[in-house]
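Before any comments, here is the structure.
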Amino acid sequence: MASISLFLSLLLVYWSMAMASTDQASTSFIRTSCSRTLYADLCYSSLSPYASQVGHDPVLLARFAMNVTVGSLKPLSSYIASALRRTPSSSSDQELAALKDCSELISDATDQVKKSEREVTGLEGLVGTQVTWRIGNAQTWLSAAITDENTCIYGRIWGWEWWCRRRC
């Protein structure tokens, strides 16, 4: 679950800075951008394969980060759905509720990241307050996605951790 926080924190930190690109090599640009995140090594290893496509463009880097994030959320969502199917009927209401909540939260997080990606698409052609407005929207939705993920993680208090210890 650290992967979603990694990419979303990259976006939140990066967009809050000036969006000027540097004259460093594309991989250096990605390494520098990722160094500002909580999981810099994971960020770099996940995004460096796209260096030739990203170049020095912070908008493209953000869009690739969002696409990678959505890609990492899909198997997590599938895993949680599978866990729900494998949960025995003898499980407590708290355990089932935690898994169902987590499933819904990860689905919501995926939707928020996709919405953010759509918001920054075409950003290159805009100027001034239009850019600020759309980046602000994307940041808000990405922040909501991080909240959804954290809520899922801490849902273990209500049964996820117990369930996983027995079945993961």
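Even glycines carry a Cβ here, placed using N, Cα and C.
TrEMBL entries are annotated by machine, without manual review.
Some features that TrEMBL has for this protein:
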COILED    99-126  coiled coil
DOMAIN    25-158  domain 'Pectinesterase inhibitor'
SIGNAL    1-20  signal peptide
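The residues of the domain 'Pectinesterase inhibitor' (25-158), classed with DSSP into helix (H, G, I), strand (E, B) and coil, number 114 helix, 0 strand, 20 coil. Per-residue pLDDT, averaged across the domain 'Pectinesterase inhibitor' (25-158), gives 86.
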